[in-house]
Number of protein chains: 2
Amino acid sequence: MNTLGQIGEHEAIKRLTAMLGNHSDLLVGAGDDCAVATLPHTGSDQVFTTDPVIEGVHFNPGEIPERIGNKAAGRVLSDIAAMGAQPQWMLVNVAAPPEMDFQRLEKIYAGMGALCARFGATIIGGDLAQGACLELHLFGTGLVPEGSALLRSGAKPGDAVFVSGPLGCSITGKHLDFVPRVEEGVFLRETGLVNAMMDVSDGLATDLRHMLKQSGVGAVLAAESIPKTGTLEQALYDGEDFELLFTASAENAETLQRQWERRFGRALPMIGKATAEAERLELKHGDGASVILESKAFEHFSRVDARN
Amino acid sequence: MNTLGQIGEHEAIKRLTAMLGNHSDLLVGAGDDCAVATLPHTGSDQVFTTDPVIEGVHFNPGEIPERIGNKAAGRVLSDIAAMGAQPQWMLVNVAAPPEMDFQRLEKIYAGMGALCARFGATIIGGDLAQGACLELHLFGTGLVPEGSALLRSGAKPGDAVFVSGPLGCSITGKHLDFVPRVEEGVFLRETGLVNAMMDVSDGLATDLRHMLKQSGVGAVLAAESIPKTGTLEQALYDGEDFELLFTASAENAETLQRQWERRFGRALPMIGKATAEAERLELKHGDGASVILESKAFEHFSRVDARN
C-alpha cells in the first residue's frame with residue numbers, strides 16, 4: 001500500500017489527472033491554472049478552476065473571518081487572472097462542525113462577497129454540510145476571448161520573464177490579504193504581447209519550473225532583479241504570493257514594460273530570461289556566482305522537500 | 001452567539017443566500033437544484049451545481065471506494081438532471097489525510113469517471129489538499145436549451161405530481177449505487193409537458209414541500225400510489241433516493257405517462273395532485289383517512305427534527 005503521504009501531492013495529482021476524460025470542446029485540461037473549454041458561437045472560451053481553503057492548512061483556527069473569505073475567493077480569482085480571463089460565476093461549498101459560530105461564517109461570506117464584487121464575479125450557489133473542521137471549497141468560472149487564454153506552455157527561448165509584484169514573506173499577512181491580479185491579467189492578455197502566464201502560489205522557483213517544463217524551455221534568473229519583501233530565499237520559496245509570473249519576447253519586453261507603467265503607475269520587474277536548455281533553472285548573481293535551483297515547495301501530505 | 005447546530009442547515013443556507021450577489025445574466029440563483037445563467041448567442045443556458053460528499057456524513061469510513069465515487073458524481077449529475085439539462089463539465093476537490101491509501105483514491109476516481117462517462121460529463125480539473133478526513137467536493141455544469149430549464153417553482157394548482165421511481169430504504173445501498181436520472185430528466189424536458197421538477201434528496205415529504213413553497217401551491221398525495229421500497233414512512237422521509245419529482249397539467253398527465261412508458265418500458269407513477277392551498281401538504285389514504293405532513297428531513301448540524 002502507498003499512502004498519499006508517501007506519494008506526495010504533485011505525484012498524486014499527476015496520476016489522478018491521467019485518469020480523467022477528454023472532450024473535443026476541452027482546449028486545456030488539468031495542469032494549468034484553469035481548464036479551458038470552447039463556448040461555440042460566442043467568440044469566447046470559458047475557464048474553470050477550484051480551490052480548497054482548509055482550517056489548519058490554509059489558515060489558523062483563530063483567523064479573522066473576513067480574511068479567510070478574502071483568501072478563499074482570492075485563490076480562485078488569481079487562477080482566473082492567470083489565464084487573462086474575466087471572472088464570471090463562483091460557487092462555494094462549506095463543511096463545518098455544528099459548534100461553529102454562525103456569525104463567523106457570515107463574515108467569511110462577507111469577505112468572499114466583497115472581493116468577488118470588486119472583480120465582477122458573482123457567487124451564485126453552493127452547499128453547506130457538516131464536517132470535522134472548517135473547509136471552504138470554491139469553484140469559479142471566467143471568460144476570455146476565443147483562443148486567447150494565456151497558458152503555462154507558451155514560453156519561448158529568449159523570452160523575458162516578468163513578475164507582477166514583490167515575492168516572499170506572505171505568511172506575515174499577504175497570503176490572507178492579497179489582491180488577486182485580475183486587472184493585471186486582463187490587461188496583459190489584451191496587450192497581445194504575453195507568451196505564457198501563471199500565478200505564483202507554490203513559490204517562484206517551483207512555479208517557474210512548472211512553466212519551464214510545460215513550455216520545454218529553461219531560464220536564467222537575475223538574483224538582484226527579483227522584487228522581494230524579505231530575503232532572496234523567501235522570495236524564491238515562500239509561496240502564496242499570488243502575483244502573476246509571465247513572459248514576453250525580448251523584442252516586446254520594453255514595450256510591455258512601458259505600457260504596464262502607464263497603466264498601473266509602477267515599474268514592471270523583469271527578473272530573467274528563458275533559455276533553450278529545457279527545464280534548467282539557473283540563478284545568477286551580479287558578482288557572477290551562479291546556482292541551479294531545485295524545487296522545494298510546500299507539498300500537501302509530504303513533509304519532506306519535493307525534488308522533482 | 002448562535003452556532004450552526006442551533007440554527008440548522010436550512011436556516012443557515014437561507015441567511016447566507018441572502019448575502020449573495022446578483023447579475024443580469026443570472027436567471028436562477030441559489031434555491032433550485034442548480035443555478036441557471038444565460039449563454040448569449042448560443043441558444044443555450046448553462047446550469048451550475050456543487051455537492052459535498054464527506055466521510056462519516058455521506059458514507060462510512062470503510063465503504064467500497066467505487067461506490068463513494070459513484071455517489072459523489074451521481075449527486076451532481078442528479079442535480080443537473082433535475083433541471084432537464086445535459087451534463088457537461090465536472091471538477092473535483094479532494095481533502096484527505098496523509099495516511100490515506102492512494103489506491104483507494106484512484107478507485108474513487110474510477111467510480112466518478114465511470115458514471116460521468118456514462119452520462120456525457122467530463123472531469124476537467126480540481127485540486128487535492130490535506131484535510132482531517134476524506135471530503136470530496138464536486139462542481140458540475142450542464143447545458144439546456146434557452147429558457148427551458150425545469151424549475152421547482154413551476155407547479156400549478158391542478159397539476160398531476162409524478163415520481164420517477166420507488167422511494168425509501170436508500171440506506172441499504174441505493175444512496176451509494178443509484179443511477180442519476182439524467183436520461184429521464186432530458187426526456188421530460190423535451191416532452192414540453194413538465195411544469196416543475198427537482199430531485200428527491202431529503203425525502204419526498206421535505207422535497208415536495210420545497211417545491212410547493214417555491215410554486216405557491218399545495219398538494220394532496222395518494223398514499224397507495226407512492227412507489228416504495230419499504231414502508232410508507234420510509235418512502236416519505238428516508239431521502240437520498242435521487243429520483244425525479246415533477247408535475248404536469250392534469251390534461252397532459254396521460255400523454256406524459258404514455259410517452260414515458262414507450263420510452264422507458266415502465267409505468268410512470270402519478271402520486272398526487274397540486275392544489276391551490278399554498279404549502280399545505282396532505283396525505284390521503286384509500287380508506288379516507290387523511291393527515292397533514294410535516295417536514296422531518298435529515299438536517300446537517302441539527303440533531304432535532306426540523307419543522308419549518
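Keep in mind that glycine also has a Cβ here, set from the backbone N, Cα and C atoms.
TrEMBL entries are annotated by machine, without manual review.
The feature domain 'PurM-like N-terminal' is assigned by TrEMBL to A:31-142. Look at TrEMBL and you will find A:Asp33, A:Thr49, A:Asp79 tagged as Mg(2+) 4 binding site. For A:Asp33, A:Asp79, A:Asp199, the entry in TrEMBL reads Mg(2+) 3 binding site. Taken from TrEMBL, the feature Mg(2+) 1 binding site covers A:Thr50, A:Asp51, A:Asp127. Residues or ranges marked as Mg(2+) 2 binding site in TrEMBL: A:Asp51, A:Asp79. Taken from TrEMBL, the feature substrate binding site covers A:His58, A:Glu240, A:Phe298. Feature annotation from TrEMBL assigns ATP binding site to A:Tyr109, A:Gly126, A:Asp127, A:Arg152, A:Ser201. What TrEMBL records for A:189-277 is domain 'PurM-like C-terminal'. What TrEMBL lists as Mg(2+) 5 binding site is A:Asp202.
The domain 'PurM-like N-terminal' (A:31-142): residue composition by secondary structure is 34 helix, 48 strand, 30 coil, according to DSSP. Within the set of binding-site residues A:Asp33, A:Asp51, A:Asp79, A:Asp199, A:Glu240, the entry lying nearest in space to A:Tyr109 (ATP binding site) is A:Asp51 (CA atoms). In sequence order, the binding-site residues near chain B (CB to CB under 8 A) are A:Asp127, out of A:Asp33, A:Asp79, A:Asp127. Counted over all residue pairs in A:Tyr109, A:Gly126, A:Asp127, A:Arg152, A:Ser201, the record's binders of ATP, the longest Cα to Cα distance measures 32 angstrom. For the domain 'PurM-like C-terminal' (A:189-277), the predicted model reports an average pLDDT of 97. With the fewest other Cβ atoms inside 10 Å of its Cβ, the least crowded of the binding-site residues A:His58, A:Arg152 in this structure is A:His58. Sorting each residue of the domain 'PurM-like C-terminal' (A:189-277) by its DSSP state yields 39 helix, 23 strand, 27 coil. The two recorded residues, A:His58 (substrate binding site) and A:Asp79 (Mg(2+) 4 binding site), have Cα atoms 16 Å apart.
For A:Asp202 (Mg(2+) 5 binding site) paired with A:Gly126 (ATP binding site), the C-alpha to C-alpha distance reads 27 Å. Cα distances from A:Asp127 (Mg(2+) 1 binding site) to the binding-site residues A:Thr49, A:Arg152, A:Ser201, A:Glu240 are smallest for A:Thr49.
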